[in-house]
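Note sheet for the following structure.
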Amino acid sequence: MASAMPLVLLLLCLLVTDTHGSRRVLFRSTDDSGSSPPSNAACPSMASGHSNGNKLPLVHRLNPCSPLKSSGIRKHGKAALAEILHRDSLRMRYLSEFKAAAATTTAPALSPTSASNRTAPATPNVISSLPGVFTYTALAGYGTPAQQFPVYFDVSGMSNLQCKPCSSGSGDGTCDRAFDPSRSSTFGTIPCGSPDCAVELQTSSCASGGSCTFMFRNSTFLYANGTVVTDTLTLSSAIFEDFFFGCLQADNQFFFDDGTAVGNVDLSRRHHSLATRALLSSPSGTAAFSYCLPADTDTHGFLTIAPAMSDYSSLAGVKYLPLVTNNPTAPDWYYVDLVAITIDGKDLPFPPNEFSGNGTFIDNLSSFSYLSPPIYAALRDKFRRAMAKYQPAPAFSDLDTCYNFTGINYIELPEIMLKFGNGETMDLDDRQFMYFFRDHLDDGFPFGCLAFAAYPTYGYNWLGTQMQRTKEIVFDVRGGQVAFVPSRCGLR
């Protein structure tokens, strides 16, 4: 009974059976409020020299095994829903402004002076009390000999690293964790007038005769001066000489209140990204990279550089989706041709052209999936009708389809399936389309929301990390496809 249910953290255990087009999900609850983080012996080796081929352990920033814990101020635990939505809102704002800038073909002006003499604008940090949008961390080695740093990875921008000298020498120790070019025998800079500078920055505004300098801005709306440089990048056993990245001269550029990451690694299709470099140094039949995102803050995932596509040929249930490469807003990002969504076997009622054209973005920085308003409205309305027997709960920010499952031992969820332009279909696991939580209201009973929301701009759709969990995502750039591989990711 509801009165007997303890105030505990909800653990959703999968117990799926077909019941008239729906799936049955059993609720079990365990009280882990007093549990302690796993010991170091239970953590995977995070070192870049870790001898496991080209596979790197990947953990959530709040994982007790995260390299961010060395800062001494990060906290272990489950991210609050308010924090997750705040991160997603930052990502949404960044993508909206990026799309607007692409439409007007304008770019921020760069000062013609050298990087050492430029000053980043005094822009307020909109995340002064909450972390930025980066979530998943791995260890990377930069330079010769390699200097080890925790980094985030993303699929939507150039690689960057905090470097010495820092801009102000604040003395709080953050600059001690920055890359020191003077200690590397393979460090090099890129001249302003070189073709590589124009390709990497898509601008020629730096000072003629000087280094390739730029003004950096990331998804958290922080700014920094930077210089495009090259050095050796080491990821597990994979070594990339003369790897391009931005050397940022700023204190706390990637510093958040839960730990310190020194930079990010770009996995997009840009000319100097890690994905492009992996393909240049790998034989045919090799994907650029794959990842399995951790299912929660206490699980481990992985990032694999240049996996062989033959590893997946004998696996059942793999979905191969063609990459859409004609998106004018950000042609170097990853898009698939999502054409329809079904609930319990019936297509949602919206015009087919709502999905046509520029593809659906596969994002690894936002948690939830976002759809243009007509598509989301159709999904929401159909889902609500299928869940009519459950008590609605108040909306929580962008998540407006929520339910109170107090006192219920199991629930029946509708079947949701994605359809793609090449005829492939993908059934979504309940972990992919539902978000369960208890930090929403004052009591401790379980609540759940549809893990989709409306994106305010028409014609723009993307799949967030929750939708990607439980599957290994393989980016076969050379083959022009993305593979979704089931049963390759441990859930706990």
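Keep in mind that glycine also has a Cβ here, set from the backbone N, Cα and C atoms.
Heads up, TrEMBL stuff is auto-annotated, nobody curated it.
Sequence annotations record features per position, and here TrEMBL assigns signal peptide to 1-21.
Residues or ranges marked as region 'Disordered' in TrEMBL: 28-49.
TrEMBL lists 136-485 with the feature domain 'Peptidase A1'. Note on the domain 'Peptidase A1' (136-485): mean pLDDT across this stretch is 85.
What TrEMBL lists as active site is Asp154 (among others).
According to TrEMBL, the active site annotation covers Asp363 (among others). Around the Cβ of Asp363 (active site), a 10 Å sphere holds 25 further Cβ atoms from the protein chains shown.
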Cα-Cα distance linking Asp154 (active site) and Asp363 (active site), given in Å to the nearest integer:
8
For Asp154 (active site), just count the other CB atoms lying within 10 A of its CB, please.
22
